[in-house]
Structures are given as C-alpha cells and as structure tokens.
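Trainee: Handing you this structure, nothing more for now.
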Amino acid sequence: MLRIAIAGCAGRMGKALVQAAVLQPEVKLTVATVTHGNPLKNTDVGSIAGIEALHIKPVDDLHKVLDQFDVLIDFTIPASTLLHLSICQKAHKKMVIGTTGFSDEQKHRIQDASNHIPIVFAPNMSIGVNLCYELLKQAAAVLGDTVDIEIIEAHHRHKIDAPSGTALKMGEVIAQTLGRDFNEVAVFDRHGITGERERQTIGFSTIRGGDIAGDHTVLFASSGERIEITHRASSRQAFATGAVHAAKWLEDKQSGLYSMSDVLGLTQP
C-alpha cells in the first residue's frame, strides 16, 4: 500500500489533505509535518484535521521519518517546499507539489530535481480546473486575435500570493496557444490613465476576501458578444482529492516532471 506524507498538516490545505487521504483505501497516511516549534506537535493528526484519531503525531523534521513514507504531498510555502524537495531528492522520495508563488529560479530547481525523482507539480489539482485548461486552449485557438482576454480570480483573505498560480497557468496556456510570449503580454496592474487596451495583452484582476476557496473566470470579449469560462471551487476538498489521486498515479512512475494533465490523461500523445 502506498504510504503518504502530508506537509503542513495544521494549515487549511493540510487539514483538507489529511481528510482526503483517510478516505482513500488504496493509500495509507503515515507521516504528517508541522513547522518547527508548532504547539500542535504532540496532538493527534486526526484531531488537528477535525476527524477521528489517526494515532499519528506530526513531526517537525522530515529527516526523522524518511523510512516511513513513499510520496510527500506539499501545499506549504515556497521556502518550505524547496527544503522538502532537497530532502526528498536525496532520499529518492516522490513528491506532489501544489505550492504556488515560486519564482522562475525556484521552478528551475524543481525541474532539476525531477531529473532524479518523479514529481507532479501543478498550481491546481482539481479535475475541473484542469479540464478548463483544455477548454481555454480550444477557445483561444478558435477566437485567436479577434478578442480581448482578461482573467479574474478571487480567493480568501489569507492567500499570500497574487495572482493565483491557477490564474497564471491559465494565462500561460492561452499565450502558448496563441504563440505569444507570456511575460511580454501579461498585464497585472492598471491604474490611472492607461491608454487604449492593446489587443495582444492578457489582463489579470485579483480579488481577496472572506473565505473564497477559489474562483477563476477567463473572459474572451469582442464587439457584440463575450465568452466566459469559469471554475468555482466550493471547498478545498476538490484540490485535496486531486492531490491524493496524483500521489497514487505517481506510484509506478520514473523520474520526471509531470502535470495534472498527465495524471488525468489529458496530455496529447
């Protein structure tokens, strides 16, 4: 049976991952981590997640439990994820990474590590969002340069990066389909007198408030009509369930960097 470790089990996403993992009969949750000095270190992981006792206590040092798991699921912060990445690479442990907010240099480190271990790296693990990526490719290919493209995303007030990794991925998918350089066409801020909108640009708008789990809308606007492709998450469970599914998929995979499109069989041969 596949043994799973969950990083940051005391966080909002960590709790959702624990809840999702215990519902999957094909996997066994054997390890969970908390930050160094966390007062929950001596608390049962199930109690932390608000479910029945699991008889597992979290650890604050992954080195101590390397013989107790096969795959680490990490939805923490870039610095923590990269520390775990280094540990897993040396120990030849698989990883599922859902952390967002990485710099380009940090993403290259993940790419380099995937030469040694199998990694699923995706800003959003939900099936619905990954289907949206495919719909966006189709819409962009058909509509081409005849529309203005805007991406609007909303998340809870605690999210620390903006725009969301999912919104950025949506923009990258569209730019690649249209043969545009994403870094040149992405517009993240409009204020004051901006002048007329340039057709080639892809605009981003960010909302932060309340407990919004995650809303993403891509707007294709032309004269006389507009098309909107929207995904709304009602809870974090969609992301958590997808992450556990990705961990199971990794079980027999060789070293490489994989996306959720690979996991879901959406990648074109």
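Using N, Cα and C of the backbone, Cβ positions are placed for all residues, glycine too.
Pulled the feature table from TrEMBL, pasting it below:
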ACT_SITE  His155  active site, proton donor/acceptor
ACT_SITE  Lys159  active site, proton donor
BINDING   Gly8, Cys9, Ala10, Gly11, Arg12, Met13, Gly98, Thr99, Thr100, Ala122, Pro123, Asn124, Met125  NAD(+) binding site
BINDING   His156, Gly165, Thr166  (S)-2,3,4,5-tetrahydrodipicolinate binding site
DOMAIN    3-125  domain 'Dihydrodipicolinate reductase N-terminal'
DOMAIN    128-264  domain 'Dihydrodipicolinate reductase C-terminal'
Trainee: Could you name the residues, excluding His156, Gly165, Thr166, of the same chain that surround the (S)-2,3,4,5-tetrahydrodipicolinate site, i.e. Cβ within 8 Å of the Cβ centre of those residues, in sequence order?
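Mentor: Everything else in range on the chain: Thr100, Pro123, Asn124, Glu153, His155, Lys159, Asp161, Ser164, Ala167, Gly214, His216.
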Trainee: List nothing but the one residue from Thr100, Thr166 whose Cβ has the fewest other Cβ atoms within 10 Å; the candidates are the binding-site residues.
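Mentor: Fewest other Cβ atoms within 10 Å, among the binding-site residues Thr100, Thr166, is found for Thr100.
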Trainee: If you count the C-beta atoms lying within 10 Å of each candidate's C-beta, which of the binding-site residues Ala10, Met125 ends up with the smallest number?
Mentor: Ala10
Trainee: For Arg12 (NAD(+) binding site), which residues in the same chain are close in space, meaning a Cβ under 8 Å from its Cβ, but six or more apart along the sequence?
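Mentor: Same-chain residues close to Arg12 (NAD(+) binding site) (Cβ under 8 Å, separated by 6 or more) are His158, Arg236.
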Trainee: Does His155 (active site, proton donor/acceptor) have same-chain partners at least 6 apart in sequence with Cβ under 8 Å from its own Cβ, and which are they?
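Mentor: Spatial neighbours, sequence-distant, of His155 (active site, proton donor/acceptor): Ser164, Ile207, Arg208, Ile212, Ala213, Gly214, Asp215.
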Trainee: Hey, how far is Gly165 ((S)-2,3,4,5-tetrahydrodipicolinate binding site) from Met125 (NAD(+) binding site), Cα to Cα, in Å?
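Mentor: Per the Cα atoms, Gly165 ((S)-2,3,4,5-tetrahydrodipicolinate binding site) and Met125 (NAD(+) binding site) stand 11 Å apart.
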Trainee: Can you check which residues sit near Pro123 (NAD(+) binding site), meaning Cβ under 8 Å from its Cβ, same chain, 6 or more apart in sequence, and list them in order?
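Mentor: Listed in sequence order, they are Gly98, Thr100, Ser164, Gly165, Thr166, Leu168, Lys169.
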Trainee: Pick the one among the recorded positions His156, Lys159 whose Cβ has the fewest other Cβ atoms within 10 Å in this structure.
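Mentor: Taking His156, Lys159 as the recorded positions, the minimal 10 Å Cβ count falls on His156.
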Trainee: Give the maximum pairwise CA distance in Å, whole number, for the residues Gly8, Cys9, Ala10, Gly11, Arg12, Met13, Gly98, Thr99, Thr100, Ala122, Pro123, Asn124, Met125 listed as binding NAD(+).
Mentor: 21
Trainee: On the three-state reduction of DSSP, what should I expect for Gly8 (NAD(+) binding site)?
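Mentor: DSSP call for Gly8 (NAD(+) binding site): coil, neither helix nor strand.
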Trainee: Could you state the CA-to-CA distance between Met125 (NAD(+) binding site) and His156 ((S)-2,3,4,5-tetrahydrodipicolinate binding site) to the nearest Å?
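Mentor: Each residue's Cα considered, Met125 (NAD(+) binding site) and His156 ((S)-2,3,4,5-tetrahydrodipicolinate binding site) end up 18 Å apart.
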